[in-house]
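Novice: Below are the structure tokens for one structure; questions will follow.
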Amino acid sequence: MAESWYTMRDEVFADGLRGRVPRLPADPALLEEAARQYLPAGLFSFVAGGAGGGRTVAANRAAFDRWELTPRMMPAARPLRLRTELWGTGMSAPVVLAPIGLAGLAHPDGEAAAARVARDLGLAMTLSNSSSLSLEEVAGAAPGAGLWFQLHPPKDEELGASMVRRAEKAGYQAIVVTVDSWARGWRPADLDHGYDPFLRGQGMGTFLADPLFRRSLPADLAVGSEPWLAAAAARWREVFGHPGLSYAYFDRLREATGLPVLIKGVLHPDDAEQAIAHGVSGVVVSNHGGRQLDRSTAALDALPAVVRQVAGRVPVLFDSGVRSGADVAVALGLGADAVLLGRPWLYGLAIDGAEGVRHVLRCVLAELELTMLMSGAATVGDLRHMVAPAPGRADER
Ligand SMILES: Cc1cc2nc3c(=O)[nH]c(=O)nc-3n(C[C@H](O)[C@H](O)[C@H](O)COP(=O)(O)O)c2cc1C
Ligand SMILES: O=C(O)C(=O)c1ccccc1
């Protein structure tokens with residue numbers, strides 16, 4: 001076995017013995033509760049919350065309950081094969097950190113800590129274009145990490161192209177274009193808190209380091225001063241979101257970069273088809289963790305039809321609602337080539353910086369490994385034969 005994350009169970013157990021459980025629980029629901037203690041109320045509900053009445057956030061989780069594994073016993077010893085390569089990024093398991101903007105609000109070490117942990121565990125990380133640290137700082141903090149760069153296409157397409165060129169120069173290996181967030185979702189909790197995380201200048205590292213963005217800021221204000229940051233946040237609101245976007249955007253973007261371009265935020269098979277027709281190298285099935293459109297379908301429910309439509313032409317990735325190694329196994333079993341983990345890594349970061357991120361990832365990886373061993377699955381392909389609808393549930397849809 002190339003990796004043995006299951007031994008990490010012993011580390012988690014030892015931490016439990018030392019009384020660390022309340023701080024860094026292995027139970028994902030308790031992890032969210034623990035993170036609540038470390039974050040100001042407005043920030044916690046920004047992170048944990050979702051669009052509208054939270055129906056899609058809940059549906060993302062409920063969807064996992066409609067699938068189960070039928071394990072096979074006494075498998076002849078076969079080495080577990082989790083090592084994966086996607087677009088030249090090698091990873092020790094098909095688990096990727098999802099782009100989470102504003103990580104610097106959760107912990108001063110921000111995205112740099114997460115990138116180092118991902119690198120040390122052999123996982124890839126997707127950096128948000130709304131990162132607190134600039135994309136160059138994150139790449140510099142974790143040399144050798146497998147990094148992808150996520151782009152919310154700004155209204156100013158030159159600015160988007162400029163950030164993509166910087167990412168390519170800094171060694172990022174893929175561009176992930178998010179298409180479900182051209183406007184911020186209707187998030188009642190944030191509205192009620194009057195919560196705007198950008199007001200503190202966090203989440204702007206990559207923007208502020210961009211010559212095109214900086215050039216648009218007032219020259220008469222001291223750089224870094226409060227009014228300067230306020231002007232930067234206002235400028236960010238001006239450029240954020242590109243309502244007029246069509247699939248032809250992918251053709252233009254591919255002119256600006258030689259990197260593989262992925263689309264993130266697909267639920268309908270026809271969108272996957274169109275994106276492939278416009279040359280994308282991969283599709284991320286996601287509803288943005290239920291943060292954008294309440295009542296959009298649970299991401300896991302959307303996965304099988306997209307996998308069928310794509311039919312192996314490009315890799316299909318998945319996120320939204322993944323909380324455990326067993327969840328990862330189900331998504332892989334339903335045809336995902338890799339799975340992105342969102343809120344949990346940010347919770348780990350909020351609680352204990354790099355150590356917290358490491359804790360969260362080792363729990364997911366250890367449980368994934370154990371789930372595969374106990375199912376008799378040596379490969380992701382084996383999992384595809386083991387995932388089945390839970391009786392009377394998946395069939396009802
Ligand atoms: C606080 C927060 C910030 C996020 N920022 C971004 C972002 O900047 N870009 C992006 O594409 N997705 C962003 N996402 C969405 C995640 O990449 C991912 O799709 C989602 O969190 C997956 O759902 P999960 O949290 O249930 O795992 C963000 C999610 C959260 C919770
Ligand atoms: O809140 C989000 O879901 C999100 O995608 C985002 C976008 C920009 C900055 C921070 C978060």
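Glycine residues also receive a Cβ, built from the backbone N, Cα and C atoms like all the rest.
What TrEMBL says about a protein is an automatic prediction, not a curated fact.
Pasting the feature list from TrEMBL:
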| type | residues | note |
| --- | --- | --- |
| DOMAIN | 20-393 | domain 'FMN hydroxy acid dehydrogenase' |
| BINDING | 99-101, S128, Q150, T178, K264, S286, 319-323, 342-343 | FMN binding site |
| BINDING | R187, H288, R291 | glyoxylate binding site |
| ACT_SITE | H288 | active site, proton acceptor |
Novice: Hey, how far is D319 (FMN binding site) from H288 (glyoxylate binding site), Cα to Cα, in Å?
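Specialist: Answer for this pair: 8 Å between alpha carbons.
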Novice: Near H288 (glyoxylate binding site), meaning Cα within 10 Å, which of G101, Q150, R323 (binding-site residues)?
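Specialist: The binding-site residues close to H288 (glyoxylate binding site) (Cα within 10 Å) - there are none.
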Novice: Tell me the coarse DSSP state (helix, strand, coil) of G321 (FMN binding site).
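Specialist: In three-state terms, G321 (FMN binding site) counts as coil.
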Novice: Given the glyoxylate site residues R187, H288, R291, which other residues of that chain have a Cβ within 8 Å of the mean position of their Cβ atoms, reported in sequence order?
Specialist: G49, G50, A51, S181, R184, G185, G289, G290, Q292
Novice: Based on the record's binding annotation for glyoxylate (R187, H288, R291), what whole-number value in Å is the widest Cα to Cα distance?
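Specialist: Of all Cα pairs among the recorded glyoxylate binders, the widest measures 13 Å.
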Novice: Work out how many Å separate G101 (FMN binding site) and R291 (glyoxylate binding site) at their Cα atoms, rounded off.
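Specialist: Here the two Cα atoms are 13 Å apart.
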Novice: Give the distance between the Cα atoms of K264 (FMN binding site) and R291 (glyoxylate binding site), rounded to the nearest whole Å.
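Specialist: The Cα atom of K264 (FMN binding site) is 14 Å away from the Cα atom of R291 (glyoxylate binding site).
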Novice: Near R187 (glyoxylate binding site), which residues of its own chain have a C-beta under 8 A away, given they sit six or more steps off in sequence?
Specialist: F46, G49, G50, A51, R291
Novice: Going along the chain, which residues six or more apart from Q150 (FMN binding site) have their CB under 8 A from its CB?
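Specialist: The list for Q150 (FMN binding site) reads P99, T126, L127, S128, N129, I175, V176, V177, T178, K264, given in order along the sequence.
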Novice: Compute the average pLDDT of the predicted model within the domain 'FMN hydroxy acid dehydrogenase' (20-393).
Specialist: 95
